[in-house]
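Q: A single structure is presented below for examination.
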Amino acid sequence: MQAISKVSSAASFFRCSRKLVSQPCVRPCVRQLHVRKGLVSGVMKLFSSPLRTLRDAGKSVRISRFCSVSNVSSSLQIELVPCLTDNYAYILHDEDTGTVGVVDPSEAVPVMDALQKNSRNLTYILNTHHHYDHTGGNLELKDRYGAKVIGSAADRDRIPGIDVALKDADKWMFAGHEVHIMETPGHTRGHISFYFPGARAIFTGDTLFSLSCGKLFEGTPEQMLASLQRIIALPDDTSVYCGHEYTLSNSKFALSIEPTNEVLQSYAAYVAELRDKKLPTIPTTMKMEKACNPFLRTENTDIRRALGIPETADEAEALGIIRRAKDNFKA
């Protein structure tokens, strides 16, 4: 499998389906991930090939090329839109119907610029949770395009402009694509994730990050553990689209408590390379997270030993200790 060097992410262990072509930037720049027809073309060369670490990878995301990623049969396109300092919004475009949605628009202008560039309207706004850095663009986008806001029924009073309130196990349709609603509390009480089984993609907001999980602002370790366990039960080739570009700092923490994990070592080096090139590390894959994310591996003896977690501690207790260690970690 050929490695991708110019345009990549943590999911770029999947072969690009066509040659990369330079494109003009959208403010601040946009990467378009086309989830087109085809089967998974390969899984993580990273597992067998060491990659060199590059320095100074914490700069803002700037993406000037587009890359098509073969996944499963689907007409859904997913476009990554950097917002604020380290947030990602995601534009969803169904090729068959032209329907467009956006997940977690923290601000309106970058989303409007991306839509205008492709002469597209906006039909839906999907929010994973109520925090302003995920809903800040709701009202302006709704006012301009007449888009309907989709969110958690538990956060009905906290999501600006909400029109459709969904609860756990609901199935909502986006232009013929079935969307499974998963309640994933922990970061907030009303957090939900949007799972598109036909595209093997999940939007996890601030519940699951690459190599980490969200801070426990409103929930408990028990809630976060249950949420993460639900998410990792999805197929290994599921692409994970989270709310922030935190992977570089997360990798440093993960290595500090599990320095002998060779898969993590290679992935951390690859992440550093991407950030040095000002490229996103998102999407990641479920398989990679299961192998490297300490919050998904709370029973691991090396992690427990590094943090002094008692053998008698259950997984929720261990997750709470790991979360507190991450909160206090200085790279």
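Placed from the backbone N, Cα and C atoms, the Cβ positions cover glycine too.
So Swiss-Prot lists the following for this protein:
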TRANSIT   1-68  transit peptide
BINDING   His129, His131, His187, Asp206  Zn(2+) binding site
BINDING   Asp133, His134, Asp206, His244  Fe cation binding site
BINDING   His244, Glu245, Tyr246  substrate binding site
Q: Identify all same-chain residues not among His244, Glu245, Tyr246 whose C-beta atom falls within 8 angstroms of the centroid of the substrate site's C-beta atoms; report them in sequence order.
A: Asp86, Asn87, Tyr88, Phe209, Cys242, Gly243, Thr247, Asn250, Ile282
Q: Looking only at C-alpha atoms, tell me how far His134 (Fe cation binding site) is from His187 (Zn(2+) binding site), rounded to the nearest Å.
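A: Per the Cα atoms, His134 (Fe cation binding site) and His187 (Zn(2+) binding site) stand 13 Å apart.
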Q: By a 10 A CB contact count over all chains shown, which of the binding-site residues listed here is most packed: His129, His131, His187, His244?
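A: By the 10 Å Cβ neighbour count, His129 comes out on top.
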Q: Tell me which of the binding-site residues Asp133, His244, Glu245, Tyr246 ends up closest to Asp206 (Zn(2+) binding site) in space, Cα to Cα.
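A: Checked the binding-site residues Asp133, His244, Glu245, Tyr246; minimum Cα distance to Asp206 (Zn(2+) binding site) goes to His244.
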Q: For Fe cation, what surrounds Asp133, His134, Asp206, His244 with a Cβ no more than 8 Å from their Cβ centroid?
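A: Apart from the listed residues, the neighbours are Asn87, Asp104, Ser106, Thr128, His129, His131, Gly205, Gly243.
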Q: Around Glu245 (substrate binding site), how many other C-beta atoms are within 10 angstroms of its C-beta?
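A: Cβ-Cβ neighbours of Glu245 (substrate binding site) within 10 Å number 24.
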Q: Taking only same-chain residues 6+ apart in sequence, whose CB is under 8 Å from that of Tyr246 (substrate binding site), what do you get?
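A: Asp86, Phe209, Ser210, Ser212 - these are the non-local Cβ neighbours of Tyr246 (substrate binding site), listed in sequence order.
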Q: Return the residues near Asp133 (Fe cation binding site) by Cβ distance under 8 Å, restricted to its own chain and a separation of at least 6 in sequence.
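A: Listed in sequence order: Leu84, Asn87, Ser106, Gly243.
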Q: Work out how many Å separate His187 (Zn(2+) binding site) and Glu245 (substrate binding site) at their Cα atoms, rounded off.
A: 17
Q: Given the Zn(2+) site residues His129, His131, His187, Asp206, which other residues of that chain have a Cβ within 8 Å of the mean position of their Cβ atoms, reported in sequence order?
A: Thr128, His130, His134, Thr188, His191, Gly205, Thr207, Gly214, Phe217, Gly243
Q: Measuring Cα to Cα, tell me the gap between His131 (Zn(2+) binding site) and Glu245 (substrate binding site) in whole angstrom.
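A: It is 16 Å, counting Cα to Cα.
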Q: Between His129 (Zn(2+) binding site) and His244 (Fe cation binding site), how far is it from one CA atom to the other, in Å?
A: 13
Q: Using DSSP reduced to three states, classify His134 (Fe cation binding site) as helix, strand or coil.
A: helix
Q: According to DSSP, folded down to helix, strand and coil, what is His244 (Fe cation binding site)?
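A: Going by the DSSP assignment, His244 (Fe cation binding site) falls within a strand, counted as strand.
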